[in-house]
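The active site, cysteine persulfide intermediate feature in TrEMBL is assigned to B:Cys326. Here TrEMBL flags B:Gly74, B:Thr75, B:Asn152, B:Gln180, B:Ser200, B:Ala201, B:His202, B:Thr238 as pyridoxal 5'-phosphate binding site. The [2Fe-2S] cluster binding site feature in TrEMBL is assigned to B:Cys326. Taken from TrEMBL, the feature domain 'Aminotransferase class V' applies to B:7-367.
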Amino acid sequence: MERKRTVYMDHAATTPVRPEVVEAMNPYFSERFGNPSSLYALAREAKEAIEEAREAVAAAIGATPEEIYFTSGGTEADNWAIKGAALRGKGDHIVTSAIEHHAVLHTCEVLEKQGYRVTYLPVDEFGRVEPATVEEAITEKTVLVSVMAANNEIGTIQPVRAIAEVARDHKVPFHTDAVQAIGAFPVDVDEMGADLLALSAHKFGGPKGVGALYVRRGTRIGTFMDGGAQERGRRAGTENVPGIVGLGRAIELAVAGMPQSAPRLAAMRDRLIRGVLDEIPDTRLNGHPTERLPNNVNVAFRYIEGESILLMLDALGIAASTGSACTSASLEPSHVLTSCGLPPEHAHGSLRLTLGHRNTEDDVDYVLEVLPGIIERLRAISPLRGEA
Amino acid sequence: MERKRTVYMDHAATTPVRPEVVEAMNPYFSERFGNPSSLYALAREAKEAIEEAREAVAAAIGATPEEIYFTSGGTEADNWAIKGAALRGKGDHIVTSAIEHHAVLHTCEVLEKQGYRVTYLPVDEFGRVEPATVEEAITEKTVLVSVMAANNEIGTIQPVRAIAEVARDHKVPFHTDAVQAIGAFPVDVDEMGADLLALSAHKFGGPKGVGALYVRRGTRIGTFMDGGAQERGRRAGTENVPGIVGLGRAIELAVAGMPQSAPRLAAMRDRLIRGVLDEIPDTRLNGHPTERLPNNVNVAFRYIEGESILLMLDALGIAASTGSACTSASLEPSHVLTSCGLPPEHAHGSLRLTLGHRNTEDDVDYVLEVLPGIIERLRAISPLRGEA
Amino acid sequence: MAEQVGYSQKVMEHFMNPHNVGAIENPDGYGKVGNPVCGDIMEIFIKVKDDVIEDVRFRTFGCGSAIATSSMVTDMARGKTLEEAMAITRDDVATELDGLPPKKMHCSNLAADALHAAIEDYRGKQKKE
Ligand SMILES: Cc1ncc(COP(=O)(O)O)c(C=O)c1O
Ligand SMILES: Cc1ncc(COP(=O)(O)O)c(C=O)c1O
Ligand code: FES
Ligand code: FES
């Protein structure tokens, strides 16, 4: 097989920054470089740019600008939401799901070591949390319910609104990690019932290292990053001005483009899924058949291991992933796939393809052309196939 | 008075990103945009770029690459060092100084609310910590000594090595906030005796929103940002690749240029100080006369208030500051100046001019030309002058 | 030195075109290590004549490094005496491949272990006979 094109299909890991976004950021490095906290004209320019970005983020998720706090990414937003709620809450119990991103799970585990109790809600075979399980899990001591809007590995969209309603009935704040949701489907904090919501610019055409936490007015959370009086005293640290400007521009573009991009991506996704399942035996779709991110394909190939698939794809110019990029350094099977009931050996053989802005139908063709051969070659050297 | 030029003299607040740094960063937004945790070629490029930056940072401060962890800035590095040491230490006491940056002070205050005790060491009239006071303050319960390498407001350089030795004698880890020190004077973690050291790119020609924490091998600190396995499992969050690349390039340039830049800035600094003290009555220098950052001028003008000086300077094209940028939103007199024994009314009338790369002797001339008139105009309307 | 990022050229060559793939019918020795739960299984088959490994084949379920180390270890074992083959260590395999990332060193461990298991199996059978 020879390399015919370069295809990036790992947009759930990160996306290229859009040219319009880079352009918007550029003046803030060396020209309008003022520290937004200062008083002079140069600083005011920076401050105004930040406030414009704040309005853009607020508008994109149906919030008010005063409810938006900029962070260094999705991970910080999740850490802050959870540790901040724990710090201020009058209890010691947190409810979350078994398939959260590690930014949520590992934060909860750290809190467990400090004496908090955490309920990790199970999911069904498609990766969905059942809202009734939230009802059962909440106690008098619960300080936070945190369930992601959409999963980064298998793309399953959660019934967030129903979960939020349960939390609200119990007067427990509700956090949602919407890092994968922004730009994929309409996100409105009121419709979702979110009190806290995390997002990250690099997942929708913005730069890495910048994100935001939405904090509904009146939600009590402690600070996470302590220091200067930036972000109205709630998130210290000199603001990443170019990054924040980039986040603002990227979210505008992503949300404005959604009516076109979502159906376009979903059509490619469906063609990929159908093509793979039809052409390659012993294969199953991971995640939900319909309640699924428009750009997410995740399939399990029996008898083979995911990393070796990735390497062969890479050699043919295709960038893909086995699960969340953060765990690719680990040798554990994906916690998301095993939570959905996949036996570990199938979990090990899963491939995630996530589509984006630059992908075309030709990219889909190319993947469908080379993938069957790769799977066949790897199965030919696998000791497992014979056994089945 | 009419505006003759534009002069930025607030480099302690932030610096413009150097063109070479912007150039180094540029390819990592839209071309080499891979997520460093992924496996394919695009991701390896990003990963390699990060590792090169790590080597550059390590080389700049006499550390090994494995001891460098990238953060979202100086504030995060300080938060991590202090909260991380508190989490892992076998005690509940922290020793720091009264003139630390808020990233240290407010972090300590948050820990106080959680039951830790904090000793805030006093400073002399020049803003220096006496190492003997560290000896007196340390107890069996001390988990960290944290004293900054150089102060951001008054530029005073601390006797860090002597302080570190006291800490080491008691087997207490020593953290130093070196945010203002990098590029100003040689920083070597071994010579300083630092176990932890915070730095921030935007203070030396790099971008905002990225910094690093040095962690000496064997120093026990807990994590601060929990989530994915980035930074060898110790600092989660998708890496800010362009920012980290920028930090690497900026620290290289800053440290390589120091033999030329430090004496050049110091000469301008001294001319400014002498000019102001000679030309303007009822004025005193804040900070240390010799143990001082090469780019820092900080003077107290009796009878008047700092913000009004800044506004007049701004109208004439000069960007300056009264203290740290982070406190400019507050109405409190500077904690640094009052800790040095300045009465609040003098503290309110202080002006900080901090020089940088782009400043020239003409800038110095211009400031010395317009400042006396500004001070005179403001004093003319002050009710305090009459009282003296 | 910063730690190795990604795989060497040599690893990729062996991964993309592995040598000695497959099973041997009625092998003289057979070794199997690993566990599908951990994401890796390695099988090595050997044919032995006059104490020399005459033929050696493998099957592997695992990552790129597991496949490359299987290919390399079988190349290294071919034509060696049993004693020489027993002396092959995981570091030897990694070195022949121009190094492995630190997290992947255990894969070369597996390859050496599977080879040694096949030799032990052969020796065990010899004793019985
Ligand atoms: C669902 C989810 N949450 C959180 C994160 C972390 O965001 P960031 O990489 O900006 O720290 C990611 C991506 O890495 C994600 O996919
Ligand atoms: C001494 C000192 N420490 C910490 C900081 C915080 O660094 P950052 O702005 O990168 O968060 C600053 C500057 O703001 C500083 O001057
Ligand atoms: S007089 Fe305006 S801040 Fe006090
Ligand atoms: S076989 Fe387990 S990671 Fe290589």
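Cβ atoms here come from the backbone N, Cα and C positions, even for glycine.
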Among B:Thr75, B:Ala201, B:His202, B:Thr238 [binding-site residues], residue with fewest other Cβ within 10 Å: B:Thr238
Largest inter-residue Cα distance among B:Gly74, B:Thr75, B:Asn152, B:Gln180, B:Ser200, B:Ala201, B:His202, B:Thr238 [record-listed pyridoxal 5'-phosphate binders, Å]: 30
Entries of B:Gln180, B:Ala201, B:Thr238 (binding-site residues) sitting next to ligand 2, with Cβ under 6 Å as the cut-off: B:Gln180
Listed binding-site residues (B:Gln180, B:Ala201, B:His202, B:Thr238) that sit near chain A [CB under 8 A]: B:His202, B:Thr238
Coarse DSSP state, helix versus strand versus coil, of B:Gln180 (pyridoxal 5'-phosphate binding site): coil
Secondary structure of B:Gly74 (pyridoxal 5'-phosphate binding site) (DSSP, helix/strand/coil): helix
Around the Cβ of B:Ser200 (pyridoxal 5'-phosphate binding site), the count of other Cβ atoms that are within 10 Å: 30
Local confidence of the domain 'Aminotransferase class V' (B:7-367) - pLDDT mean: 95
Cβ neighbour count (within 10 Å, all chains shown) around B:Gly74 (pyridoxal 5'-phosphate binding site): 32
Cβ atoms near B:Asn152 (pyridoxal 5'-phosphate binding site) (within 10 Å, other residues, all chains): 28
Binding-site residues near ligand 1 among B:Gly74, B:Asn152, B:Gln180 (Cβ under 6 Å): none
C-beta crowding around B:Gln180 (pyridoxal 5'-phosphate binding site), within 10 angstroms: 30
